[in-house]
């Protein structure tokens, strides 16, 4: 094992601690009304209704609304100036400890819409499954999933009414051990497949698994490895196992992944400098960056920076999703932005 001081340069490289972002502006961007304390993940239905997870709290991370529980917001992207409004949740679900992280939707054959939410009540880890009631603008809580293989769920991609892949961004659930594994770069994080029949590891050996999503044809799973600055492409096999296909190396910390259902392009919320994200200084706020990745399965994928800001407008971007010529950019604990494309 390397001595502790020898690990410092490696850690700084993993966090991009010295990097400053070059601005890339989009004309006509505006902050989304109703988002004040984060919009960590965004998932958009084919009809233009967008779900946003808001109010995530994590030990040691900045929070602008520490006393307010998290919630799920919704906005209608078919409207000219949509406002994000919090959805009501059915009785019996403990809203006081709701701490939503990654989210994913699944539409069943009968058009029932399910919303899967990575939740951290009292900084533990569960996956909550809701049914979306569009006429009432509400969520009906159906099930809480707890499992020893899901100690630190970051993101989810739903593949059935009770079936999903999930990333564990840490191997341990204990807060001190989480910091230790990041410090030592243990590469013990993984991807889990869960069904009512059980859970199993389907990919492992990552530095820090984060965002996860699926290709429009459902043949491939994409996984962001944040501190390794990588996106992994894996083939989904008939038994739900994952087979590695390729790794795309980037120069930024990748967070959540969204997929354009019409083109298959990946839209990635990124952190140019994660040290600013983890150690918050309002005079030097964390930057935001959005990447678009085209033809990821080809030998030469096209990677372009669509948006980048030094934190003066948007701090700590985690996700970027597109619908109808509109780009939504969410953040870990700040505001959210809508831009025309």
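Just so it is clear, glycine is given a Cβ too, placed from its N, Cα and C backbone atoms.
Annotation source TrEMBL lists active site, proton acceptor at 101. In sequence order, 40, 41, 53, 56, 117, 118, 119, 120, 153, 154, 155 constitute the residues six or more apart from residue 101 (active site, proton acceptor) in its chain with CB-CB distances below 8 Å.
The Ca(2+) binding site annotation in TrEMBL covers 40, 41, 103, 154, 155, 210, 255, 256.
Around residue 29 (disulfide bond), a 10 Å sphere centred on its CB holds 16 further CB atoms from the protein chains shown. Annotation source TrEMBL lists disulfide bond at 29-339.
Annotation source TrEMBL lists N-linked glycosylation site at 256 (among others).
If you take the C-beta of residue 310 (N-linked glycosylation site) and look for same-chain residues 6 or more apart in sequence within under 8 angstroms, you find 20, 21, 23, 285, 287. Feature annotation from TrEMBL assigns N-linked glycosylation site to 310 (among others).
When Cα-Cα distances from residue 29 (disulfide bond) are compared across the binding-site residues 103, 210, 255, the shortest belongs to 255.
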